[in-house]
Structures are given as C-alpha cells and as structure tokens.
There are 2 protein chains.
Amino acid sequence: MAGDKPNLRWGVEQKLQFIEFRLFWEGHVNRSDLIEQFGVSPNQASGDLNRYIALAPDNMVYDKSGKTYVRSSGFIPLFLKPDATSYLSQVRSVAEGIVASHDSWIGSLPAFDAPPAPARGVDPKILRTIVIAARRKEAVEILYQSMASPEPQWRWVAPHALAFDGFRWHARSFCEKSGEFRDFVVSRVIETRHTRPSSSSPLSDAAWHEMVVLEIGPHPDLSPNQKRVIELDYGMHEGRVSITVRRALLYYALRRLGLDTDPAARAPQDQQIVLLNGESVRELAA
Amino acid sequence: MAGDKPNLRWGVEQKLQFIEFRLFWEGHVNRSDLIEQFGVSPNQASGDLNRYIALAPDNMVYDKSGKTYVRSSGFIPLFLKPDATSYLSQVRSVAEGIVASHDSWIGSLPAFDAPPAPARGVDPKILRTIVIAARRKEAVEILYQSMASPEPQWRWVAPHALAFDGFRWHARSFCEKSGEFRDFVVSRVIETRHTRPSSSSPLSDAAWHEMVVLEIGPHPDLSPNQKRVIELDYGMHEGRVSITVRRALLYYALRRLGLDTDPAARAPQDQQIVLLNGESVRELAA
DNA sequence: ATCGATACGTCAAGTTTCTGGAAGGTTCCG
DNA sequence: CGGAACCTTCCAGAAACTTGACGTATCGAT
C-alpha cells in the first residue's frame with residue numbers, strides 16, 4: 001500500500017515531512033499550517049495533504065468536527081524519524097532566539113526555560129575568518145585580549161578546530177608567539193588582519209588528539225536506591241561508566257561534571273557522581 | 001539595482017538563502033552544491049545561480065580559474081542575516097548527530113569537539129505525551145522512577161513547562177501525589193498511561209514564576225587586568241552584572257555558573273566569578 | 001432554523017519551476 | 001593537443017503552483 005516513495009522534488013518532500021512532523025508532535029495538521037509555513041495557496045495545500053494521504057493512507061484522517069487532520073492510531077512515520085533530542089534542541093533554539101519561530105516546524109511551542117549562560121556573543125565575520133583559516137590550514141593574525149596582558153595584542157595563530165566548553169567557544173590553535181597549541185576564546189578576538197599559509201600541522205597538537213578516559217560512578221554516600229537511579233541516568237553498568245574526552249578538553253569536562261572540586265564540597269545528593277580514577281586523571285588536567 | 005525582493009516561491013527563496021549562506025560562511029558556491037543540497041538538475045542549478053546574480057549583482061562573481069562562484073568584496077546579504085550563534089549551534093548539532101549533515105547548510109564542517117554530556121536519551125513518544133498534556137492543560141499518569149522509592153511508581157502529574165538544566169530535561173509539573181509543583185526528569189519517566197483534564201493552574205507554580213536576581217562580579221583575588229577580561233566576557237559594567245533566573249531553576253543556575261560551592265573550592269583563575277548577593281540568594285535555593 | 005464563519009475540495013486556465021537532452025564555452029592538466 | 005571538469009543556453013514537456021470560481025460540511029450565534 002504505502003512504502004514506495006517515488007522520487008519527489010525537494011520542496012514536495014519537505015512539505016510531506018512537515019505534515020508528518022506536525023502529526024507526530026502535535027497530533028494534527030491544517031491546511032493553514034502549510035499555507036503559513038510554505039507560503040503556498042490554499043489550493044495547493046489541499047493538494048499536498050491529499051498527496052500525503054495517498055502515500056500514507058493509514059496515518060491521517062480528517063476530523064470533520066475538529067476541522068483538522070488528525071493522526072490516526074496506526075500512525076507510522078514514512079518521511080521522518082521522530083527524534084526527541086532534535087525536538088528539544090529546536091525548542092531551545094527557538095526559545096533562545098537562535099532560530100526564528102517561523103523557521104521551526106514546531107507549531108505550539110511548549111513553555112520552556114533554562115539557566116541563562118551569560119557569555120558574550122561572537123562576531124560572525126571573526127568566526128568566519130577563523131573557520132576558513134582552519135579549513136585552508138592557514139595562519140591568521142588576530143588582535144587578542146588575553147588574561148595575561150592589559151591591552152589586546154596582535155599575534156599569529158593557526159586554528160584547526162572549534163571547541164565549546166559549555167559557556168564559551170574556543171578556537172584550538174597553534175600560537176606562533178608561544179610556539180604551543182592553545183585555546184583562544186573566540187569572543188576575546190577583537191579583530192583579524194592578515195592570513196598566510198601555515199607550516200604547523202594540526203596533528204602535532206598532542207593534547208587535542210590524546211584521549212583521556214574518565215571512570216565515573218555514583219557517589220558512595222548515596223543510598224543503594226539513589227545509586228541505582230544515578231546509574232540509570234548516566235547509563236552506568238555495575239556502578240561505573242567510562243567517558244572518553246580529549247585531554248585538551250579535560251579541564252572543561254571535569255568542571256561540567258562537577259568533578260573539578262573536592263567531592264566533599266557538595267552534599268552527596270547534589271554531587272551525585274564521583275571520579276573513580278581520579279589519581280590518574282587529575283594529574284593530566286592543565 | 002538590487003534590493004527589491006519579488007514574491008518568490010518558498011523553494012526558490014530557500015535556494016537563494018542557501019547560496020547566500022555558503023557565500024558568507026565558505027566564500028564560494030558551486031552548481032554542484034545546489035545539486036547535492038536540493039536534488040535539482042545541473043540545468044536548474046545554473047538558472048538559480050544566475051537568478052541570484054540578477055537579484056544581487058554585486059555579491060558574487062564567477063571565478064573561471066577556480067571554477068566556482070566566489071563572494072565579492074562588496075557582499076551584502078540580501079536573504080539572510082549572518083548569525084554566529086546559529087552557525088555554531090549548527091556545528092554542534094551536526095557534530096553530535098542531532099542534525100544530519102545533509103540537512104545542514106554548512107558545507108565544510110570545521111573540526112569540533114565539546115566535553116560529552118553523558119545523559120540518557122528521551123523517548124520521543126513520552127516527550128510527546130508530556131508536551132501535548134501541557135498544551136491541553138491536562139494531567140497525565142506517569143510511571144516515574146524517583147530517587148526516593150526503590151521501584152518506579154504510577155502518579156498523576158500536570159506538566160506545564162519544560163526546563164533544561166545543562167544535562168537533563170525536566171518537566172515542571174504539579175504532582176497530585178505530593179500536592180506540590182516539582183521537576184520530573186523526563187528520562188526517568190518509564191511509561192505513560194491515561195490523561196484527563198487537570199484543575200491545577202500553572203500560575204500557582206510560585207517557584208516557576210518568581211524571579212531571582214543574581215549579582216555576579218569577577219573574583220576579588222584576580223589581578224586588575226584579569227578582572228577586566230572577565231568583565232568583558234560576561235558583559236559586566238562597573239564590576240557587576242545582573243542575571244535574572246526563575247527560582248525553580250536557581251539551583252541549576254548556581255551549579256552551572258560554578259557558584260554552588262564555596263568560592264575557595266577553586267583557584268581564583270578557575271573560579272573566575274563570585275556571587276555578590278550571596279546571602280539573599282542562597283537561602284532561596286531549594 | 002437560518003445565517004455566517006470557517007474549514008476543506010475540486011474543476012479549469014494560465015504561469016512558474018524544473019527536467020532531460022543536445023550543443024557549446026572556458027580553464028586547467030597531463 | 002585532448003580530455004576532464006566546470007558553467008551556459010536553448011528547447012520541449014512535465015510537474016508544481018496560483019488565481020478564480022463554485023461547492024460542501026460543521027459549528028455556533030441569532
């Protein structure tokens with residue numbers, strides 16, 4: 001019956017996916033939804049809805065009383081794989097203004113909030129310069145405000161990767177001034193000037209390529225039941241789980257997991273997890 | 001010359017935006033880029049590129065030697081507002097598998113990594129049930145694994161908002177069992193059963209609607225120069241910035257900012273910021 | 001019980017977009 | 001020089017879409 005997706009044009013495929021997205025997440029679709037989202041005529045929207053029914057007859061019925069198409073009980077997505085992470089990521093992006101509401105397919109946005117991350121914004125042109133330099137394996141001259149010097153200084157760096165520490169974006173780069181690979185906070189780059197070919201190889205960034213394994217387990221002072229729940233939360237087996245992280249990001253990973261302080265600094269219920277191989281890991285942290 | 005955008009069809013507008021996105025971020029576009037992204041014929045792609053030139057003659061020229069269209073120096077985006085946050089968010093989404101590479105417009109993905117967040121995934125159907133219940137102001141019966149009880153238990157909750165604490169997603173809900181508003185970790189919901197109308201009003205969730213103001217400043221033990229950089233990073237004026245956060249999220253906000261422990265638990269360079277109004281804030285934390 | 005508003009549906013004519021095929025141009029490289 | 005890898009243009013036909021007109025079902029208000 002259904003199942004054979006003919007070669008559809010991109011625009012048509014998008015509209016069918018949209019119908020399915022709304023059916024799954026909201027339970028219903030309207031002709032007017034298509035009109036708003038894609039700017040098509042009522043006429044065309046009718047056609048698209050009926051095309052969807054023709055391709056997936058068991059997924060959707062028209063509810064005359066509700067004046068809307070509703071998902072039927074035997075709904076099986078045909079054009080989309082429903083994904084909670086992606087939906088939640090969209091919720092966050094729309095709520096935080098990263099994505100305009102009309103660019104998202106979510107029709108009725110759930111109320112949402114998250115603890116704010118008060119980090120300065122990144123200038124798109126500066127970011128572009130860094131990204132392009134990384135791609136071309138070039139060095140770029142940046143005016144950088146470091147923690148060490150009072151005034152911003154020009155220096156040549158050869159970026160090769162981006163990293164996010166939870167708050168700030170970093171450009172992992174070879175710094176010609178210090179002769180080392182370092183993290184540069186992108187929002188501390190005031191300006192960029194020239195670029196030129198770079199002789200440094202990203203492969204020599206040992207701290208970036210070397211992986212560290214963190215062994216974590218539930219806090220020993222939790223009750224057996226609390227331990228079990230934490231194990232479920234973190235996907236632990238037999239009281240432990242391994243997390244692999246680049247040595248260059250180890251500091252941020254420990255901080256993010258709340259493992260950069262003495263485990264006694266928080267109550268066990270707040271701390272939740274502890275590092276099981278702390279001795280071998282902590283000496284690697286920068 | 002340029003500037004007047006005629007009423008274009010959705011599909012055409014998307015392609016022009018795509019051309020502009022690639023021009024801005026990568027510096028060049030190919031006919032083959034359009035072919036890959038939208039599945040059009042080489043023929044049509046030519047047409048679209050020339051349509052773009054007709055609409056924005058000063059933005060792009062064909063580099064015969066490079067065999068590609070390149071951004072010209074006077075490039076002014078016409079269909080898109082370049083946004084670093086949105087670009088970086090895409091980088092992260094693609095790198096973490098949230099968005100398929102071919103659904104993103106980024107052609108050449110920069111190398112990227114971030115500290116992993118080892119949290120269990122959320123089941124899309126369970127999330128959907130919660131989101132729909134919130135929209136319809138309904139209560140839903142969930143099988144929930146709490147920290148308190150050894151076995152999961154059925155209980156009626158009326159969700160009204162989603163919250164993200166940096167690791168886990170929560171459903172802010174009225175719990176009929178306890179008669180209070182509480183956070184339920186979505187990934188700890190094993191199953192959902194019935195729904196029914198709810199009498200509880202989201203407006204009575206005091207901790208959700210009450211806002212707390214955090215005053216933060218640079219760590220006092222930093223050097224004047226280091227303080228200045230931190231002030232720039234966090235957008236502080238005169239050594240302080242106010243962050244407003246829901247009381248229900250206060251705990252997570254403090255944790256995220258590293259303000260939930262004694263300021264002496266970390267070295268000043270690691271701690272970076274301190275809470276200036278700690279006395280009045282900390283007594284509110286759950 | 002009728003009327004108006006709001007949905008969706010459909011038929012027809014005309015425009016825009018797109019494909020496929022065919023022929024042609026430029027630059028680079030071996 | 002010839003081939004590869006780009007982009008371009010012309011044409012006919014198909015698919016997608018718009019505009020306009022007219023018809024249908026449901027609901028709620030008068």
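Backbone N, Cα and C define each Cβ position, glycine as well.
These come from TrEMBL:
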DOMAIN    A:12-92  domain 'DNA-binding transcriptional repressor CapW winged helix-turn-helix'
DOMAIN    A:126-190  domain 'WYL'
DOMAIN    A:211-280  domain 'DNA-binding transcriptional repressor CapW C-terminal dimerisation'
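Across the domain 'DNA-binding transcriptional repressor CapW winged helix-turn-helix' (A:12-92), DSSP assigns 46 helix, 10 strand, 25 coil. As a summary of secondary structure, the domain 'WYL' (A:126-190) carries 14 helix, 34 strand, 17 coil according to DSSP. Across the domain 'WYL' (A:126-190), mean pLDDT in this model comes to 94.
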